[in-house]
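Everything on this sheet refers to the single structure shown next.
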Amino acid sequence: MPTFVDQTKIEVQAGKGGDGMVAFRHEKYVPNGGPAGGDGGRGGSIIFVADSGLRTLMDFRYRRKFKADSGENGRIKSQYGRAAKDLYLKVPVGTTVYDFNTGELIGDLVEKGQELVVAKGGRGGRGNIHFATSVNTAPEIAENGEPGEDRVLRLELKLLADVGLVGFPSVGKSTLLSVTTKAKPKIAAYEFTTLTPNLGMVILPDGRDFSMADLPGLIEGASQGVGLGIQFLRHVERTKVILHLVSMDPNNGREAIEDYHTIKNELKNYETDLSKKRELIVASQMDISGAEEKLAAFKKALKEEGNNEPVYEISSVTHKGVSKLMNDTATLVEEVEKERAEEEPKVVQKTKEYKYKAPQKNEFTVEKVGEHEFVVKGEQLERLVQMTNLDHQDGIMRLARRLKRLGVDDALREKGAVNGDDVAIGKFVFEFVQ
């Protein structure tokens, strides 16, 4: 069985756009041909695809960096460079994607085949055919391709189960799953047998079905990370219905009502109150001698608290009460689905592109880092420099004019820059000239 991994950190880098071309027409009867440099191709984007065949983020445990290809450079005769292929990465249905540095939610993949563009490829640089003017009919200017987006992401998997089995360790959750589905969880008579969630499909004789997850046993303090704790409570978030199993084994040394309240409190104290989910109370392990007496005390305690919800008595060993529990669970799942559909119609976008918050236009800072050294920082300015082809004098002069229009020269003077001082914008260093 593959290792269950439900959290991971990865880095994704989309492809750079291809560089624009500086070229001119050279034809037999056109001795002074105009510009003919084509545009670069778009860089490859990185796209997550929800795959129902995956159950874990294990594929990302040993490979943490993913890079898409760059676009092809522009060509002569005004030909465009070829766009790079997008890089598709399969993730399990139920994967939530966050920006690792900011914690911002980027997207949630909840349907098979749903796509999420997490890093967009850079656009291709323009060739010199775009820069011809009446004054400069033969421009030696072309843009470099735009850098692709580079992000560090945190992936979280929250199982998409209709029903979640919760309760203390060794209350019979795995056994119930094994007798109602084809899932084969590890079962033994000691605590924390289930170390990873198990998922199975319950199919009833009347044709109804629902998915059910056996979640690792909870103990007091789970919502704060005690035991297997908070790392598995997240899997309860997506469930429609909770089956709350309470052991009627008189030999476990615990009061059933206390077990019930402990688990309810942990669900309530989770970051999103899980105790409000619809639940069925299940008295498990009713085949054990003395279980009837413990059940009577449990029902009495619930009634005294004003809780008149039915208690389902089951034994997964003898199958007593299991059929009725599964039928009533299916009915409750249908009720919850109907309620949700009425509250908010389900609309799932097939492909979604996350739009990262753009910096304020032309926002930059100037810092004096040495006696004659200055550093200019600003995401858009640095991108402008990266897209400037510095191999041609026309390109350098165009960049200088744009920096001046954006107020960089004035800002440098205000910081004390004089002729001959070094100024760095990203990796580009130039000499300041007033």
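Every residue number used here counts from 1 along the chain in the order it is shown.
From the backbone N, Cα and C atoms, a Cβ is placed for every residue, glycine too.
Marked as GTP binding site by Swiss-Prot: 167-174, 192-196, 214-217, 284-287, 315-317.
Summarising the annotation, Swiss-Prot assigns Mg(2+) binding site to Ser174, Thr194 and lists sequence analysis as the type of evidence. Ser174 (Mg(2+) binding site) carries a helical DSSP state (H, G or I).
Per Swiss-Prot, the feature domain 'Obg' maps to 2-160; the stated evidence is sequence analysis. Across the residues of the domain 'Obg' (2-160), the predicted structure has a mean pLDDT of 88.
According to Swiss-Prot, the feature domain 'OBG-type G' maps to 161-334.
The annotation domain 'OCT' is assigned in Swiss-Prot to 356-434 on the grounds of sequence analysis. According to DSSP, the secondary structure content of the domain 'OCT' (356-434) in residues is 28 helix, 20 strand, 31 coil.
Least packed by the Cβ count within 10 Å, out of the binding-site residues Lys173, Gln285, is Gln285. Ser315 (GTP binding site) sits 12 Å from Ser174 (Mg(2+) binding site), counting Cα to Cα.
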